[in-house]
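Enquirer: Here TrEMBL flags B:6-34, B:55-74, B:80-105, B:117-137, B:162-182, B:202-222, B:234-254, B:261-281, B:301-327 as transmembrane segment.
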Amino acid sequence: MFDMDPVLMSRLLTTMTLLFHIIFATLGVGVPLFISIAEFIGIRKKDPHYLMMARRWARGFVITVAIGVVTGTAIGLQLSLLWPNFMQVAGNVISLPLFMEVFAFFFEAIFLGIYLYTWDRFKNQMIHWAFSLPVVIGGGMSAVFITTVNAFMNTPEGFTTGQDGFVTINPIQAMLNPATPTKVFHVLASSYVTVAAILATIAAFSLLKKKSSEYHKKALKLTMMATFIFAILTAIAGDMSAKFLAKEQPEKLAAAEWHFQTEEGADLILFGWLNEQDMPVGAIRLPGLLSFLAHGDFSSEVTGLEEIPEDERPPLWIHYMFDLMVSIGMALVLIPLLYLILMKTKKWNEHHKWMLRLIVLGGPLAMLSIEFGWIYAEEGRQPWILRGL
Amino acid sequence: MTYEIIGITVLWLFLYGYVIVASIDFGAGFFSYYAKKTKKDHIINQLISRYLSPVWEVTNVFFVFFFVGIVGFFPDTAFYYGTALLVPGSIAIILLAIRGSFYAFESYGSKQSNVYMFLYGATGLLIPASLSTALTLSEGGFITETNGEITMNYLKLFTSPYSWSVVFLAIVSVLYISATFLTFYASRANDTEALKLVRKYALFWGTPTIIAALTTFIALGQHNQRHYDRMLDLWWVFGLSMGFFMISLGLIYIGKYYGLAFISVMLQFFFAFFGYGASHLPYILDPYITIYENATHQSTGIALIIVFIAGLFLLVPSLILLMKLFLFNADYVKGKK
């Protein structure tokens, strides 16, 4: 154990901190939006249930923020402490978005403090509600800025290199690299869907335990509808990401899909395993679908792993990460859809035991999906840290 | 002014901001533990938590801001300090984590555990002690580079009188800044009981602060002659700092104008901090990193400064709003809201 090499140790440590941090980062981005929505509905409808919802979520949120702040601080320090060489090189380029991220976070922190401690201080409740907006925006913007860093690591742009490192740098162009738009969209949408699903889990869990309560039913309805909307948006964003990968990072898509030969009308392979000849066995094959996923056309050509030099291929196990992420994403569309159908149909009861149990599963699954997606995004970039450098 | 100078000034300003707000926070942690031990916690703990609860998060961000900024402006700092500070840095992370969790669970209003109070008080002193090590290292002599390999001489660090005097200075400064702030805050809240107690703390910690400052100064003379001489060139800055110290201690002693007294403390540390910083230049790490040779590319540097100025337009009004709501709102301070 102790004679592991420091690079591996550093990677493990960073991975663990990140895996942990990402949970709280996701909550930090998403929860304020729902607090804000609940308070807004509560004020407009003069419904104390929604106001209580906002308060309770806000209280729980404080704890996650505290942990998020600490793990975030740790990540910041770790980047410098464990990867000094990387920071020395990349610091020239990615410092701008990191700097902006801290600003966004600063902004969020100030208004979160105000929001949490001024519940009954204003006659006009809307003033208090307005303080939630900077928190929502700040949280969203931190996610945007930090995602540009990750996007840059995938498709580095905006600089020229010479003998000893960078010669010219255009930090704005580096931030707005090709991977940025799809990644930002995907990250934001999936954060919101995950938080909606988790809040729904809490509501459904309470309903299962304490039978029926008006408060939890309202919470469930609100979060289920949000899950549905954001799950669809996430799926659209995911689709855009796949098309982007096909164009800019074919090896990442190919490894995720176990797509070895470049061919037209490529099949989509779901799960399964690889035999000795690296042929997928026991998988579900969906004819032509990979082509459609990659280029929006069932007969288009998709680049296979064979075209990528062997030492630049990402590890193949990310296939599972990718498939799990997508499956859970699909489930997150279907669960609320089922709930909404049950709700709209008069004869059926949307608070049936099994429906609620399904919803309870949704939250943890969504969080797992975030972790799978993140592992896929990071491992899919291997062996590079900065792709192509 | 070159962009390197602007960059380091901005960062130094943020570090100064962190020193002030974090000192209040760290010191308050220690005082509330001390008050609990001496059975006086009912007098001041209410006061302390009213101020700290809304602002502790902002405190942390000042720090993150500083180190993200310094790695941004001067990427080589990550390489040198990152390697050398692995151990003390990790300790600081753990301590910050303990402190963060205290705030998280304290805000839930569950029963206060003695262990947590102890950790809260202890981290208040240990974090400044471990963070101040970075300043000690910056004087050079502890970190050496041989063929691109960074090594840190721990034995030398732990046996150096300079290193210990810095730790001592950091701790007493934290307590002095915090006590003077709490004195001001208690007087605003018209809380005479608490005022009497924290004023006593402030008077007690005043003298050690100056003794520690002088000790550190002398120890620096033995450690880094160049820096010492440069500081003597800037003697008037430290003179101003001394002057403001006298004013603050005097005002607290006569028991009037506590607000002015705290501003004097802020100015005392402002001059000392900038005097120290200015004489430290051009080195960030003596003798390996200077602000000129190791700065980031000009385009990134300028972009950072532009973002910084734009960000200030956003942050300064927000901070003022925060202070208006919690610090200068008499009703809130008195606990009526």
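Note: Cβ is positioned from N, Cα and C throughout, glycine not excepted.
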Enquirer: Let me spell it out: take the transmembrane segment (B:234-254), skip the flanking residues so only those 6+ beyond its ends count, and list any with a Cβ under 8 Å from a Cβ in it.
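Expert: Distant Cβ neighbours of the transmembrane segment (B:234-254) are 180, 183, 199, 202-203, 206, 209-210, 260-262, 264-265, 267-272, 274-275, 278-279.
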Enquirer: Against the transmembrane segment (B:117-137), which of these stretches has the most C-beta pairs under 8 Å: B:6-34, B:55-74, B:202-222, B:261-281, B:301-327?
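Expert: Out of the listed stretches, B:6-34 contacts the transmembrane segment (B:117-137) most.
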Enquirer: When you look at the transmembrane segment (B:202-222) alongside the transmembrane segment (B:6-34), do they share 3+ Cβ pairs under 8 Å, ignoring any pair fewer than 6 residues apart in sequence?
Expert: no
Enquirer: Using a Cβ distance cut-off of under 8 Å, indicate which of B:55-74, B:80-105, B:162-182, B:202-222, B:301-327 has the most pairs with the transmembrane segment (B:261-281).
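Expert: That would be B:162-182.
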Enquirer: Under 8 Å between C-beta atoms and at least six residues away from its ends: which parts of the chain pack against the transmembrane segment (B:301-327)?
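Expert: Tertiary neighbours of the transmembrane segment (B:301-327) are 3-4, 6-7, 10, 51, 54-55, 58, 69, 72-73, 185, 295, 333.
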